[in-house]
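Trainee: Structure below; questions to follow.
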Amino acid sequence: MTATLERRESASLWERFCSWITSTENRLYIGWFGVLMIPTLLTATTVFIIAFIAAPPVDIDGIREPVAGSLLYGNNIITGAVIPSSASIGIHFYPIWEAASLDEWLYNGGPYQLIVDHFLLGVCGWIGREWEFSYRLGMRPWISVAFTAPVAAASAVFLVYPIGQGSFSDGMPLGISGTFNFMLVFQAEHNILMHPFHQLGVAGVFGGSLFSAMHGSLVTSSLIRETTENESANYGYKFGQEEETYNIVAAHGYFGRLIFQYASFNNSRALHFFLGLWPVVGIWFTALGIMTMAFNLNGFNFNQSVVDSQGRVINTWADILNRANLGIEVMHERNAHNFPLDLASGESLPVALTAPAVIG
């Protein structure tokens with residue numbers, strides 16, 4: 001008998017890199033989308049931390065009145081933010097090399113664009129990485145589909161809305177109070193509370209929280225006990241077991257009698273599909289609503305007040321909401337314009353003496 005020994009060809013450095021990148025045995029899966037995700041998210045995180053701590057004031061309104069957002073310039077964790085790019089930049093791409101100097105780039109809010117652009121690329125890479133990992137494990141792709149909802153929401157407030165409004169200065173500041181300021185101004189300018197897509201988003205988020213709490217409490221209340229009374233019920237289960245952990249029939253029967261029969265699910269797959277679908281679709285609609293309002297397709301405006309036969313105003317909640325919107329609009333960007341256009345366009349009325357009808 002003759003034994004033939006062949007010399008094993010060593011894989012090239014590129015082949016070994018490809019094998020390592022796509023291996024599902026790594027402690028953290030990287031994948032080809034991870035090659036995009038990791039550097040972009042690291043860049044966004046690093047620049048955000050530096051800018052939040054030490055960035056100089058930014059001329060956000062383009063009127064040579066810089067606004068300080070960093071900790072070293074007098075802010076705290078609540079008031080601090082990375083200030084959006086200047087209105088003088090508009091929606092132009094503004095990398096470091098487009099500025100005459102680093103000081104000019106910082107003064108015009110360049111870090112905001114750098115952070116937002118890298119962050120959006122990074123979270124898109126995260127979606128792709130979730131799909132890629134699921135594909136290599138033979139799983140279905142719904143995890144990545146669900147994550148498109150928060151990515152759509154982030155894209156709406158950081159990219160689509162500024163483009164629609166004509167300037168990245170209208171984007172959401174990267175900070176706690178800056179986020180609240182963005183929400184208030186958005187309400188004043190677009191009446192988002194009266195937009196049906198935002199209302200669907202509220203139903204999605206609050207409904208998803210309710211359904212999650214209901215499902216979790218029903219499951220933990222109907223566990224199938226595999227241990228004695230002297231042992232913890234947790235010892236009766238192991239990860240990946242074939243047997244069911246809880247009794248869905250008991251949970252279904254309880255909930256069906258608590259509310260009514262058809263309010264509960266008797267199919268586990270349908271139940272969990274619904275639990276995933278409800279909040280995701282709600283957030284999709286919210287993101288779509290932000291994108292439509294970016295181009296000034298706003299929420300419902302009931303601008304014509306209800307009046308009686310004598311012409312006197314009958315105050316409704318719509319009147320209160322309109323007044324609140326006008327008040328917020330007067331307060332924001334107070335130095336950028338002398339008076340909001342929708343207040344300056346009508347005839348001057350003695351507001352302190354009468355309650356005028358709000359006419360759009």
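Placed from the backbone N, Cα and C atoms, the Cβ positions cover glycine too.
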Trainee: From the ranges 29-46, 83-100, 245-262, pick the one that Swiss-Prot records as transmembrane segment.
Mentor: 29-46
Trainee: What residues in the same chain, six or more past the boundaries of the transmembrane segment (197-218), come closer than 8 Å to it by Cβ-Cβ distance?
Mentor: 251, 254-255, 271, 274-275, 278-283, 285-286, 288-289, 292, 299
Trainee: Can you list the residues of the same chain, besides His215, Ser264, Phe265, whose Cβ falls within 8 Å of the quinone site's Cβ centroid?
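Mentor: For the quinone site the neighbour list reads Met214, Leu218, Ala251, His252, Phe255, Leu271, Phe274.
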Trainee: Six or more residues out from either end of the transmembrane segment (274-288), which same-chain residues have a Cβ under 8 Å from its Cβ atoms?
Mentor: 142, 145-146, 148-150, 152-153, 155-156, 197-198, 200-205, 207-208, 211-212, 215, 265
Trainee: What three-state secondary structure does DSSP assign to His332 ([CaMn4O5] cluster binding site)?
Mentor: coil
Trainee: Quickly jot the same-chain residues contacting the transmembrane segment (118-133) by Cβ under 8 Å, restricted to those at least six beyond its ends, or write none.
Mentor: 24, 29-34, 36-38, 40-41, 43-44, 47, 141, 143-144, 147-148, 150-151, 154-155, 158-159
